[in-house]
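**Student:** Questions regarding the structure given below will be posed in turn.
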Amino acid sequence: MAVTRTPLIAGNWKLNLDHLQAIAFVQKLAWSLGDAKHDFAAAEVAVFPPFTDLRSVQTLVSSDKLPIAFGAQDLSEHDSGAYTGEISGAFLAKLECSYVIIGHSERRTLHNETDEVVGAKVQAALRHNLVPIICVGETADDLEKHGPSAVPVAQLRAALAGVTGAADVVVAYEPVWAIGSGQAATPEQAEQVAAALRTVLVETLGEDVAAKTRILYGGSVKAANIAGFMREPNVDGALVGGASLDLDEFASIVRFPQHVGL
Ligand code: 13P
């Protein structure tokens, strides 16, 4: 029997929106999707605000019982201790975060996060029952030198080293050259890498977990191109940057089942 994976549309806000703006945005997003009768079982929605917004978003989501998930953009590999400026997975779990983004290319390049650190952070997330959204992706240079799948596959293997059993993870394939460039991968390119990543999931986590694990595409996703990605068999959603800050655009991406004809 074919496994069905609930698509996930995730908005990575990066360093945008303070906690008051976050409250207004999430409230309006919920209204907009409610008005449009969005079926949250057909496409799950999650937002990833800055750390300082999370308590406000949690309070709003829980008091108004909004069907919107949320998570953090990073976490510490450590649970507690003398690590000034770090945020523990334990704190994120207390804030009812469902997810945490790990190994985004901006953290890998701007904060020197190595594959080892990414792996340690994945384990920290799993210790606290947070679902890690493990980001992998190649630069334009990697693409030219090694082809499309080699670097993302190696990054995913490293991120999952030490993870065993029925781990609940999400993988996000984000080609670095497509992030913020306005030049998205083609659906065929995304599918080719997503299929290779699913093979890694089969090898590391087993067939059953691999069949259930969602693989997202990220990099210049917009309402105008989401349909093509969602038609691909191994692409189960999107990690959206810039377009997740535009309410109408993001709501339209979330509502892709209505314009994809799936
Ligand atoms: P853009 O959608 O702005 O290209 O960003 C993608 C991204 O980095 C999401 O994590």
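Using N, Cα and C of the backbone, Cβ positions are placed for all residues, glycine too.
Caution: TrEMBL annotation is automatic and unverified by curators.
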**Student:** Of the residues S32, S220, S252, only one is listed by TrEMBL in the substrate site with N12, W13, K14, G180, G241, G242. Which is it?
**Tutor:** S220
**Student:** Just to be sure I understand the contacts, which binding-site residues have a Cβ under 6 angstroms from any atom of ligand 1? Candidates are W13, K14, G180, G241.
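**Tutor:** Result: G180, G241.
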**Student:** Using Cβ atoms only, which residues of the same chain lie under 8 Å from S220 (substrate binding site) while being at least 6 residues apart in sequence?
**Tutor:** A178, I179, G180, S181, G182, Q183, A184, G242
**Student:** Quick one: what's DSSP say for S220 (substrate binding site), helix, strand or coil?
**Tutor:** coil
